[in-house]
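Data block below; observations after.
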Amino acid sequence: MTKFIFVTGGVVSSLGKGITAASLGRLLKSRGLKVAIQKFDPYINVDPGTMSPYQHGEVFVTDDGAETDLDLGHYERFIDINLTKNSNVTTGKVYWAVISKERRGDYLGGTVQVIPHITNEIKERILRVAKESNPDVVITEIGGTVGDIESLPFLEAIRQLKNDVGKDNVLYIHVTLVPTLRVTGELKTKPTQHSVKELRSIGIQPDIIVARSEQPLSREITEKIALFCDIDKNAVIQAVDASNIYEVPLKLKEEGLDDIVIKKLGLTCGEPDLSEWEQIVERYKNPKFEVTIGIVGKYVSLPDAYLSVAEALRHAGIYHETRVNIRWIDSEMLEKEPVEKYLSNLDGILVPGGFGDRGVEGKIKAIQYARENKVPYLGLCLGMQTAVIEFARNVAGLKDANSSEFKPDGPHSVIDLLPEQKEVEQLGGTMRLGLYPCKLVPGTKAHAAYGEEIIYERHRHRYEFNNEYRELLTGLGLVISGTSPDGRLVEIIELSDHPWFVATQFHPEFKSRPNRPHPLFREFIGASLKTNKLF
């Protein structure tokens, strides 16, 4: 029988529920259990695909093309599994499904209500994940904060599910904040007490409380939380701020979180093997070398917009025993000031994905600097498209070269809309999304990195390399090192006369893992080390 673990949050948002859920998943997997995981987001958007990165952060893309919450990236990286569209459910998706059923007549003329129709749909989404892979444990994170009106249907659904599947098969974990009063240095438990009171008023009694704090909890504080929240003392898990997120599973293991979960759910499993994870943390905390990578983007004031990119760089750093210092560079500043001011002392330059023309000229200047000064360069999605534009302008002499996204009537659209996108009017969920094969050319840097001829990578784009310019640009030194298997779509480009200049139409950052860095990020950091005199 599959067991169900629900992770809720209280007091404030952004407490780290996602990291807590991912860390627990890692601990349970290390014991030999099969783990599935999902997140419920209470917003009414169907998915985050059309949301501003400033509002939501990164959009994480799964193999099957779902545009999802960035926490799914944490889940995949920590647990080392590939998730699906069923792993991220929003209020918008739930209501869309229920209204579609009502329009089809599935409810036989009945009045459609939050209870039971919305809550039943939510429960069905939870059980669907259990049926999909038949795991030992399903971990479900409930987004938002207890007390938010948007979260109420989800909380009611997980309350009901305990009766549906049996109380011995469900466990509730509540992540909360124990703040410190700076004036006195005193830890305060009242916010936690009120948060649990709110949760209990809905009918949910937490089995475990994960208490986030800046400093360790004293025995008195732990006992006070246990008393007022009516849980066992050993079920109060302190989660003191860690120096990096990869330490969190080890910290929670020290607190005995997985032992309590195993005991309360009656799971049969072995002892955890965290040796590989311990090695990852050790290499992360004690690097031998150091590089500085500039990420040139338009959303750099919110680094979460490029979360998977930053983590993929760190994974490559772990592999090379190298501290990767990330310098966030606003591409608009490169349009106003000399690029040398921002780029002259970098070991590598990366231009990530994005949409719209704001800051694009700054990205093109950064790419020109990397090309002319032989600085290692990695371009992702828009970072490939702008690399093609830069090459067309400054090497091929097509001064008006551009993308039809930015200049629809330009004379040289070296980047153009995919043919199948030209009749698309609706923005949401209509891009080229998900996992696609790519055929690599032997003898190229891309082929050397992967060591394979056919690879599979995740995409999220509408625009592509315009094949009308393929012969001209390749004749001047642009190398097309990866294409779709039929050769029609250009997926990877390189420069033949550069130490390491590679750009991809896909998003390799989504497939990187701390124990298995993505080949392109691994080689990019390796090339950046060679430009660093400390190596």
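Glycine residues also receive a Cβ, built from the backbone N, Cα and C atoms like all the rest.
Now, the feature entries from Swiss-Prot:
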| type | residues | note |
| --- | --- | --- |
| REGION | 1-267 | region 'Amidoligase domain' |
| BINDING | S13, D148, I149, E150, K188, T189, K190, P191, T192, Q193, K224 | CTP binding site |
| BINDING | S13, K188, T189, K190, P191, T192, Q193, K224 | UTP binding site |
| BINDING | S14, L15, G16, K17, G18, I19, D71 | ATP binding site |
| BINDING | Y54, G354, L382, G383, M384, Q385, E405, R462 | L-glutamine binding site |
| BINDING | D71, E141 | Mg(2+) binding site |
| DOMAIN | 292-534 | domain 'Glutamine amidotransferase type-1' |
| ACT_SITE | C381 | active site, nucleophile |
| ACT_SITE | H507 | active site |
| ACT_SITE | E509 | active site |
When you rank I19, G354, R462 by Cα distance to T192 (CTP binding site), which of the binding-site residues ends up on top as the closest?
I19
So which recorded positions are near K17 (ATP binding site), with CA atoms within 10 Å, out of Y54, E141, C381?
E141
Which has the fewest other CB atoms in a 10 Å radius around its CB: S13, T189, Q385, the listed binding-site residues?
S13
Alpha-carbon distance [E405 (L-glutamine binding site); E509 (active site)] in Å:
24
Name the secondary structure element type, per DSSP in three states, that contains G383 (L-glutamine binding site).
helix
Among the recorded positions S14, T189, C381, G383, H507, report those whose Cα falls within 10 Å of that of K224 (CTP binding site); none is a fine answer.
T189
Distance, L15 (ATP binding site) to Q193 (UTP binding site) (CA atoms, angstrom):
16
Rounded Cα-Cα span from L15 (ATP binding site) to K190 (CTP binding site), Å:
17
Compile a sequence-ordered list of residues in the same chain as D71 (ATP binding site), six or more apart from it, whose Cβ lies below 8 A from its Cβ; state 'none' when nothing qualifies.
K17, G18, A21, A22, K39, F60, E141
